[in-house]
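K.L.:
Quick one: the structure is below, questions incoming.
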Amino acid sequence: MAMVTGGWGGPGGDTNGVDKAGGSYPRATEDDSASPPGATSDAEPGDEERPGLQVDCVVCGDKSSGKHYGVFTCEGCKSFFKRTIRRNLSYTCRSNRDCQIDQHHRNQCQYCRLKKCFRVGMRKEAVQPGPIPHALPGPAACSPPGAAGVEPFAGPPVSELIAQLLRAEPYPAAGRFGGGGAVLGIDNVCELAARLLFSTVEWARHAPFFPELPAADQVGLLRLSWSELFVLNAAQAPVPLHTAPLLAAAGLHAGPMAAERAVAFMDQVRAFQEQVDKLGRLQVDAAEYGCLKAIALFTPDACGLSDPAHVESLQEKAQVALTEYVRAQYPSQPQRFGRLLLRLPALRAVPASLISQLFFMRLVGKTPIETLIRDMLLSGSTFNWPYGSG
């Protein structure tokens, strides 16, 4: 297994630091495999296809899509190598730097995968720099009126993408649950969580570029990223989503044989609360939340995407928008962009199963939350939400 660090190093050693570009924060359990036959991705000089010639990827053994960066590779290994070089990523092996890299294990250790890319002859100098972004003019103050805790933006105009992300924000009302300092009971906590989940899906439905994607891609992206989006929404909510009432209720029903399991569960719950609190301490504004959610949503590593390269380009658009926005709005905080981006891998470390068990077990029982999300996404406003809309 590998963990992402920053800077880029060759196959001979690690570099320390942080992931400067955030990457698509690769998931060890998800396959960033090749695009389906017929899908196209941006070509680089030296890319060469051989129609009718069956050649295996020299990195992982999957079916190659042509010659990329000097050798025959599949689309998955091509994209992995391009992403690593463009974003100046490096990785650390958690084993002995000799992990097996094949079609079924290529995503389990990015360090050894990159090492093999170099060993078989992939050339970093063949990777072109990413496209140079052009900021689009937008309204100077595009914060939705009445958004709790959000001040209108001052200074340079924000990009049109950020303006669209802000318009997609549902901003759930706080009045039903009292003020920001209110202590909610367990029923109210579960209800607020349900509304945040619904808001997560509604935000995605109205996020720029998302509605134009095939329905299967929409479902795949949201099923993969819903837990990260939920934590971001929980941190952004006008009413804090505290876990203390749920922990207290869990403690009352914990049997003596479940003590060890309960300790592990509570550690995970504290990790969830810690991520929410860290986002609060960063004082993330609405535009930054929108960009972070878009980066999390458009992950090209989701399985079964019809065009992973297109999804990756959408993620890059959101990342560029965040970079430009932070540089313009917070010129005195040069580390802010890196601190924001580092929140995303940390959010991914909060298990989706924990969020489902903690907040939604009382609501949906054993129904997988991913099934509920799919139904919510495809049904739209006609979805029969248990808590209603009042």
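Including glycine, each Cβ sits where the backbone N, Cα and C put it.
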K.L.:
So which range, 18-42, 93-117, gets flagged zinc finger in Swiss-Prot?
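P.N.:
Of 18-42, 93-117, Swiss-Prot gives zinc finger for 93-117.
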K.L.:
Within the region 'Important for dimerization' (314-390), what mean pLDDT does the predicted structure show?
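P.N.:
Within the region 'Important for dimerization' (314-390), the model's average pLDDT equals 81.
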